[in-house]
C-alpha cells in the first residue's frame, strides 16, 4: 500500500472545522481517527482510518484544543475521512 502519511502532506485539509481550520496545506498531515476498539494508549488505528487535516483541525479532533464539541469534531473528522478516501481512490493511491 502507498505511504498515506506522505500522501497527506501538503494537501488541502479535508476536515474543515468552521472557525478552526487554518486552511494552510503546509501544515497538513495524516490525522488518525480514534475509534473504540481500533486504538488505545500508544496505539493508532490503521492509516486508512484517517483523514488529511491541517494542524488546527488535527489538534481539535485529537482534543488538544476544545473550540467545538467533541461529537462535532468527530463528525467533521469522519466526513474528512470519506473525502480523503475519495481523493485517494481517484488518484489510485488506494484501491476499492
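Backbone N, Cα and C atoms are what each Cβ position is placed from, and that goes for glycine too.
Not measured: the values here are computed from a predicted model.
Here is what Swiss-Prot says about this protein:
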BINDING   13, 21, 54, 57  Zn(2+) binding site
ACT_SITE  32  active site, proton acceptor
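Sequence features annotated in Swiss-Prot and their locations in the structure.
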{"residue": "13", "record": "Zn(2+) binding site", "CB count, 10 Å": "28"}
{"residue": "21", "record": "Zn(2+) binding site", "CB count, 10 Å": "19"}
{"residue": "32", "record": "active site, proton acceptor", "CB count, 10 Å": "24"}
{"residue": "54", "record": "Zn(2+) binding site", "CB count, 10 Å": "26"}
{"residue": "57", "record": "Zn(2+) binding site", "CB count, 10 Å": "28"}
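The two recorded residues, residue 13 (Zn(2+) binding site) and the residue listed as 'active site, proton acceptor', have Cα atoms 13 Å apart. Here residue 32 (active site, proton acceptor) is positioned 12 angstrom away from residue 54 (Zn(2+) binding site), judged by their C-alpha atoms. Here the CA atom of the residue listed as 'active site, proton acceptor' lies 12 Å from the CA atom of residue 57 (Zn(2+) binding site). For the recorded site, residue 57 (Zn(2+) binding site), the DSSP three-state label reads helix.
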